[in-house]
Amino acid sequence: MPEGPSVRKFHHLVSPFVGQKVVKTGGSSKKLHPAAFQSLWLQDAQVHGKKLFLRFDPDEEMEPLNSSPQPIQGMWQKEAVDRELALGPSAQEPSAGPSGSGEPVPSRSAETYNLGKIPSADAQRWLEVRFGLFGSIWVNDFSRAKKANKKGDWRDPVPRLVLHFSGGGFLVFYNCQMSWSPPPVIEPTCDILSEKFHRGQALEALSQAQPVCYTLLDQRYFSGLGNIIKNEALYRARIHPLSLGSCLSSSSREALVDHVVEFSKDWLRDKFQGKERHTQIYQKEQCPSGHQVMKETFGPPDGLQRLTWWCPQCQPQLSSKGPQNLPSS
């Protein structure tokens, strides 16, 4: 699924539509009927990690809400490119279970909300958007087929939801799951792209006696971090993905957190500048030093298994005898 930098970009694309009324709807969503948005006003947009939250109200009145993400060294002053390419056919990764997911905590029971029905008139209408593997948002345009499918047909991706607004523009949502939800309670201290990201909390999590590649994907401590960031940060910190956090020196754990934040911010900045993502190990056959890259699926016994790329020479596996320093990058 799209990682933190991509969802931040989606938030930036949606934000100009806040304060506008939905005048026409469309899309293929069956659990949440597109017609439910007719005549509603988009009043707020919030992002946390890999999730986007949109608030809709039946009237034009707006409450002052601090919904914008923390600016990252002025990059929000740059104009976003209005298109996010949707790659390939619709596909979604399995979502992690509630244990250890670290998702925003609802402020009241979600049982009062229904996937396909709008909440009662006195309830805030918060739409929770979870993007699939090729999830995207397009502005004032539709995604087009880049290649033929397995049957040889050139079929354009089918949008899950299309919202036309009173200002004349429209938003198109692809490959995502949507549901009405209670108002989100956002915790920026675990968001890797927030200026309030809590390094101490992250370092403490990384000191656990479990493979660091498991801990990095725990959204309770690294919200917004996905498989690409995991692989890149581990390689740049020269840490083997199965190294136990308790066996790493404090300086190695600090270097890993540094690379997580640095790569995430650089990736987001590249998105806003229309540049290609630059990876060193993810989906590579050789590392930058010319060594053969290994690929294997790792994950907790009862959790999601994820493809992992690493270089055995640049990222040697440690013994479990105690904290060890790793080769510097």
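Glycine is treated like the rest: Cβ placed from N, Cα and C.
In this structure, P2 (active site, schiff-base intermediate with DNA) belongs to neither helix nor strand by DSSP; it is coil. Per Swiss-Prot, the feature active site, schiff-base intermediate with DNA maps to P2; the stated evidence is sequence analysis.
Residues or ranges marked as active site, proton donor in Swiss-Prot (evidence: sequence analysis): E3 (among others). Sequence-distant neighbours of E3 (active site, proton donor) (same chain, 6+ apart, CB under 8 A from its CB) are K50, G224, L225, G226, N227, I228, I229, S264, W267.
The N6-acetyllysine annotation in Swiss-Prot covers K50 (among others) and rests on similarity to another entry. DSSP gives K50 (N6-acetyllysine) a coil state; it is part of no helix or strand.
Marked as active site, proton donor by Swiss-Prot: K50 (among others).
Sequence annotations record features per position, and here Swiss-Prot assigns phosphoserine to S68 based on similarity to another entry.
Every protein chain considered, the tally of other Cβ atoms within 10 Å of the Cβ of K150 (N6-acetyllysine) stands at 6. Sequence annotations record features per position, and here Swiss-Prot assigns N6-acetyllysine to K150 (among others).
Annotation source Swiss-Prot lists DNA binding site at N227, citing similarity to another entry. Around the Cβ of N227 (DNA binding site), a 10 Å sphere holds 19 further Cβ atoms from the protein chains shown. The secondary structure of N227 (DNA binding site), as reduced to three states from DSSP, is helical.
Summarising model confidence by region, the zinc finger (280-316) averages a pLDDT of 96. What Swiss-Prot lists as zinc finger is 280-316, and the listing cites sequence analysis.
Positions annotated as active site, proton donor by Swiss-Prot: R306 (among others). R306 (active site, proton donor) is surrounded by 18 other CB atoms, counting those within 10 A of its CB over all protein chains shown. In the three-state DSSP reading, R306 (active site, proton donor) counts as strand.
When the zinc finger (280-316) is classified with DSSP, helix, strand and coil residues number 0 helix, 12 strand, 25 coil. A Cα-Cα distance of 14 Å separates P2 (active site, schiff-base intermediate with DNA) from R306 (active site, proton donor). On a Cα basis, R306 (active site, proton donor) lies 25 Å away from K150 (N6-acetyllysine).
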